[in-house]
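Data block below; observations after.
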Amino acid sequence: MGSRTTISILVVLLLGLVQLAISGHDYKQALSKSILFFEAQRSGHLPPNQRVSWRSHSGLYDGKSSGVDLVGGYYDAGDNVKFGLPMAFTVTTMCWSIIEYGGQLESNGELGHAIDAVKWGTDYFIKAHPEPNVLYGEVGDGKSDHYCWQRPEEMTTDRRAYKIDRNNPGSDLAGETAAAMAAASIVFRRSDPSYSAELLRHAHQLFEFADKYRGKYDSSITVAQKYYRSVSGYNDELLWAAAWLYQATNDKYYLDYLGKNGDSMGGTGWSMTEFGWDVKYAGVQTLVAKVLMQGKGGEHTAVFERYQQKAEQFMCSLLGKSTKNIKKTPGGLIFRQSWNNMQFVTSASFLATVYSDYLSYSKRDLLCSQGNISPSQLLEFSKSQVDYILGDNPRATSYMVGYGENYPRQVHHRGSSIVSFNVDQKFVTCRGGYATWFSRKGSDPNVLTGALVGGPDAYDNFADQRDNYEQTEPATYNNAPLLGVLARLISGSTGFDQLLPGVSPTPSPVIIKPAPVPQRKPTKPPAASSPSPITISQKMTNSWKNEGKVYYRYSTILTNRSTKTLKILKISITKLYGPIWGVTKTGNSFSFPSWMQSLPSGKSMEFVYIHSASPADVLVSNYSLE
């Protein structure tokens, strides 16, 4: 235990304080993949332009036993249940991403896909809200669904529909759905005014229903308690819905609602360390702060300033500048809980991203109890979280499926883990799916492109195993806030500088060393006068000071410039005084990382290390080309 603690402290010192450096990540590719994931989660009749070809129609009789059409919507995660509360939060945050960064989405060719993803959800919500005071909040139940491991196209589990009404209220569910519809009405205001008006009509009705008939939805839909329990209650959703209805309508009624109920409903009292499908206060506080910065506080300015104080305490806690800070892993990732921690990473990163822009708009810094934070520093923090997700972490693992080379291959997801229904229509039985597909150790037959899995534990450890649902199960609400962050990071079209400042290097920042001719000859080496086909380029990407000592982060790129595949690789590294990631140590040398067995012609691999000295001496001591 002592050695583990020592190592953790060392890594905290070395990584936790790292300031953001310019990254080589392809945010545009990550954005495209993260939006594509929603097509894999679709329920209902799939459209002709469906891009995830291994999926097919499913849930075609949902709602029939209740006399209502509930075909459509999204499966929330790796199961086949349609849970209304997280689905609505997913749609709300997708809409917020589009509202803030629609220009960037459009310039990168993804706005249409993002809007389609929203409409797939809102079309379902319209069906689920057949009367002003009736809302269907779940189709299927977790208990029977989790007993089986089947493709959604042929599931045999119970598809009962569950609703809330005036006698069985659910203010949190109705409030969140009202927020989703209101936010979506903004998204469709220009492209489809009539649809926007329809969404707004549902939003008004749902808010009135939520506010008039109060109660927690999981007291009415009790089958949801084990899976999406409403721990925070419904006051946050009522404020959240009012905030979005004000954004959509500019109606003073909703502004007054936020002003008059902020204190009694917790909007001005709760200082949060999370934002997600259950707890909305940080989101409410951020939206109200935006209203205040736009000069629209009016008679409620004093109350709105208290909202803003709580929003800024949340932002300060993200950067370790508050009296109560959000915990992070040694590698620097926000850590809230073991089960699907990544949902809190993306949602907090999104709030930090939009707040950095709000601060820039109002030309002010964030005043924290432990020091001030500039808008660019807040954006740098969001970027650091995204870069961690995409592979800049102690394991050099991408937690977005299909991005990079080292990403999860055994995702806890029924559809991706079973051969596509379009390829093999042989029936997969309820329990047979566990025996044949869940328990197999190979990679998923269908790549769940863009899925953001639950992620590592508190010590940056991760096990890519299908039964490790806490870490390998994805969810729609993991991806939704990420859309906005990625869109913001891609370009500077908002007018804010995307080239974030870095620390000027003290040692020589770039060292390019051709690998020497190998001593042994598994293949014929090049002539002595010829350059080696395996080259190494080192670059100092960041530096920071801790307790008077300067630490440096180096990125090392090894490139195969030959016309053949590099099969055997031995790297000699000397004068290394800190941790290294992205290679495997074998004896006194290093080789390919565990997820790589060879390096094709023209390709490169990267590994990184941190220490408080000039670059280490890195040489290729042996290699084989085939």
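Backbone N, Cα and C atoms are what each Cβ position is placed from, and that goes for glycine too.
Cross-referencing Asn372, Asn560 with Swiss-Prot, the residue annotated as N-linked glycosylation site turns out to be Asn560. Ranges compared are 317-338, 405-426, 515-536, and Swiss-Prot records region 'Disordered' for 515-536.
Around Asn560 (N-linked glycosylation site), taking its Cβ as the centre, 22 other Cβ atoms fall within 10 Å, counting all chains. Cα of Glu473 (active site) to Cα of His412 (active site): a distance of 5 Å. The Cβ of His412 (active site) has 24 other Cβ atoms within 10 Å, all protein chains considered.
When secondary structure is read from DSSP and collapsed to three states, Asn560 (N-linked glycosylation site) falls in the strand class. DSSP classifies Asp464 (active site) as coil under the three-state reduction. Asp464 (active site) sits 31 Å from Asn622 (N-linked glycosylation site), taking the CA atoms of both as reference points. Shown are the active-site residues Asp79, Asp464, Glu473; of these, the residue with the fewest other Cβ atoms within 10 Å is Asp464.
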